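What TrEMBL says about this protein:
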- 95-152: domain 'CTLH' (DOMAIN)
- 268-309: repeat 'WD' (REPEAT)
- 313-354: repeat 'WD' (REPEAT)
- 501-524: repeat 'WD' (REPEAT)
- 525-567: repeat 'WD' (REPEAT)
Amino acid sequence: MGGMEDTDPPLKRVKYPLEEPKIFLEDSSLTSSIAYSLGDLMAKSLLSQGDEEMLGSNGIIRKTEFVKIITNALYSLKYTKTGAILEDESGIPLHSLFVNEFMQQVVDGMWDDSLATLQKIDFIDENTFKLATFLIKEQKFLELLKIGNLDGALATLRNELVPIHINISRVHELAACIVAPFSGLSLCLLSQDAEVAKSRSKLLEKLQKLLPAAVMVPDRRLEYLVEQALDVQCDACEFHNTSTSELSLYSNHHCGKNKIPNQTLQVLRAHSDEVWFLQFSHSGKYLASSSKDQSAIIWEVKEDGQMSLKHVLTGHRKPVSIVSWSPDDHQLLTCGLEEVVRRWDVTSGDCLHVYEKNGIGLVSCGWFANGQGIFSGMTDKSICLWDLDGKELECWKGQRTLKISDMAVTGDGKKIISICRQTAILLLDREANYERLIEEEEVITSFSLSKDNKFLLVSLINQEIHLWNLDGEIKILAKYKGHKRTRFIIRSCFGGLEQVFVASGSEDSQVYIWHRDSGELIMSLPGHSGAVNCVSWSPANLQMLASASDDRTIRIWGLENQPNLMRGKAGQNNGAAIHNHSNRRV
């Protein structure tokens, strides 16, 4: 930091984390007193600036603060000369003379002089001064210790740090360095750089976060305010479904409905009978589908978004009701209708293992979070867990599931969720051996767990879908209506940016999409010629949605301005959820 030009104020070029500065103190009572005193000081500051020139259409931006923040941004961007010119032309310095002097003294290691100067700066209360003093004296101690001056370090600790009476735990750590200098040195200098200049620069960063913003403008403050404004715009955008890379500062952000999948881009026709289930892999690279034709198909998503057939998986003797991706997407489970579960290698398409139990059919399947075990609901209403080689590890008997049953396991592998009665869902905590129930008034036909395990979509026989909160108090947050369901199991899923949309199939051959939080029906998508049984939203492409239908096809939905992909044969949760289609009728 030495040898700076006169036009380059000290430390204006130091970069800080792009977030609201925070002071982390170990003494909570001291923290509260600082917050109170700083609030009083800042309030007095605002009152004293009542005649200051204001900017903006609403007249609420203080010109002095605005110019300082711009100057700060210029220095952060390394536009040093331009920043100095702005200070000179505007007559508004980024820092006062005392602040500049204080910063230079810290850089030069003039510890006593820096504290004397700090006392001359406005808005510094007693508690803040104590904290700043501790940081400066700590730096002095560490530098003395580093050059081997143990006597000087000990004197600093005893006579300068201990009398401050704050951060006692840190004082004990520093004292340990004196007692065992060689073993403790690494602890004390853990956050210190080899070069003194860099360690002093880090000290200034800490001091900047400690001192009021009116004294030292937080670095990159303008970037923080702009990002905050963009976040507010995104939060207010009803149909927000774009990545941050598409945001612009040139205009206010707004997503229309055209950012939600609304046009058929591809029709997949490889199944020879009704398509009952489909699910994107966790990475979004693959899509798996299962059908009444007793097969499952793995589709690969190409870079241009087009689907191509990768493997047709055969071997089941009954319709394949569901599929489930392993956590790493390298393997796939398929479940025959009250039959067996098969595990497949995604790369080769080979069947690696068949899971079955004498005299009992399997009705669902899924993976545990570590990928080292699978579980399944059984026709005897039990839930069984196997290792990959087929050895039964656990089995929960009793009415843990139904023959017509969806199941899911949370991302941490601790909780199993299943339909245990026609109107109830069981939340089974494996570790705590604890059970809770979600109870509905109508018959439950299916459910879908959100990727973050915070929400559960529950489809009911009365043509409603309920959104349940699982994070904290278990309660209904929203209800979705409009789709048709009279005979078959129709599945729904979460999707879009932060899974803020809900999509569902329907017996009227359409796909329905709602806003998750408001419950508003956004659109319905016609195209299929039979009941739409299942939908899945790509976790990788926010504008890609797949639907499976009784018309034996799979439709890939995207945006209107995307080019139509070739049609013909390739021709919901994306977590560890498992499902069963039974005989499709409820």
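Every residue gets a Cβ built from N, Cα and C, even glycine.
Broken down by DSSP into helix, strand and coil, the repeat 'WD' (501-524) contains 0 helix, 13 strand, 11 coil. Per-residue confidence over the repeat 'WD' (313-354) averages out at a pLDDT of 95.
Under DSSP, residues within the domain 'CTLH' (95-152) fall into helix, strand and coil as 44 helix, 0 strand, 14 coil.
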